[in-house]
Amino acid sequence: MSDSPIPHGSIVVVRHGETDWNIGRRIQGRTEIPLNDTGRAQARAAAGILRESGSWTRVIASPLGRAAETARIIAEGLGLPAPSLDDGVLERDFGPAEGLLVADAAARWPGLDVPGAETLVELAERGAHAVSRHLQEAPGAVVVAHGALIRATLSRLSGQAAPRILNGEAWVLSPHPDGPPTSAARLPGDTAAPLTRALVRRLGAPEMQHAI
């Protein structure tokens, strides 16, 4: 158990485990790329950390395979029913950038402002809506999603740029009576600096992680 108990009504948002495209630094977006063996190990490790950190009620996941498999592994590790799926936490649709190397896409479209892709504003609004809904309707849930979605959501809730989200990494979000979700828990391996207003804190995660 951590030195700062997880507040009642919190949820935890977890990024899916590693894929080969993460290793190769390719943009996945909505493309179906499966977990690799490291990604499955990261999911098992995340389940172990969550099992020690609190009592969780259910698992919710993006329907993309890499998130759904991560969620199934976590659910099994926590002794919970099979995950339910939520399109609200799908990864960003990167449009024509999907499949490209991150460096090549960034050079072609600065800031990854890709024509035909879901905009960052749209992504942040969708993610914030989904997270707020799960906080209200599913306290104690583990939500398995994607790097760009989680990062945009945290930025929207905090009002400032969030750090990159690593594979297998989890963030605890707690309801705040006067506004957006707020973190209140320091869990094992917590190394992130707090973000003002959201104060979302990082959960320790396995090695060999990639931010996209």
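From the backbone N, Cα and C atoms, a Cβ is placed for every residue, glycine too.
Here is what TrEMBL says about this protein:
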type	residues	note
BINDING	Arg15, His16, Gly17, Glu18, Thr19, Asp20, Trp21, Asn22, Arg66	substrate binding site
ACT_SITE	His16	active site, tele-phosphohistidine intermediate
ACT_SITE	Glu91	active site, proton donor/acceptor
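In the three-state DSSP classification, Trp21 (substrate binding site) falls within a helix. Using a 10 Å Cβ-Cβ cutoff, Glu91 (active site, proton donor/acceptor) registers 25 neighbours. Taking the binding-site residues Gly17, Trp21 in turn, the residue surrounded by the fewest other Cβ atoms inside 10 Å of its Cβ turns out to be Trp21. Under a cutoff of 8 A between CB atoms, and with a sequence separation of 6+ in the same chain, the neighbours of Arg66 (substrate binding site) are His16, Gly17, Thr19, Gln28, Glu32, Ile33, Pro34, Leu35, Gly39. In the three-state DSSP scheme, Arg66 (substrate binding site) falls into the helix class. Using a 10 Å Cβ-Cβ cutoff, Arg15 (substrate binding site) registers 30 neighbours. If you measure from the Cα atom of Trp21 (substrate binding site) to that of Glu91 (active site, proton donor/acceptor), you get 14 Å. Using a 10 Å Cβ-Cβ cutoff, His16 (active site, tele-phosphohistidine intermediate) registers 31 neighbours.
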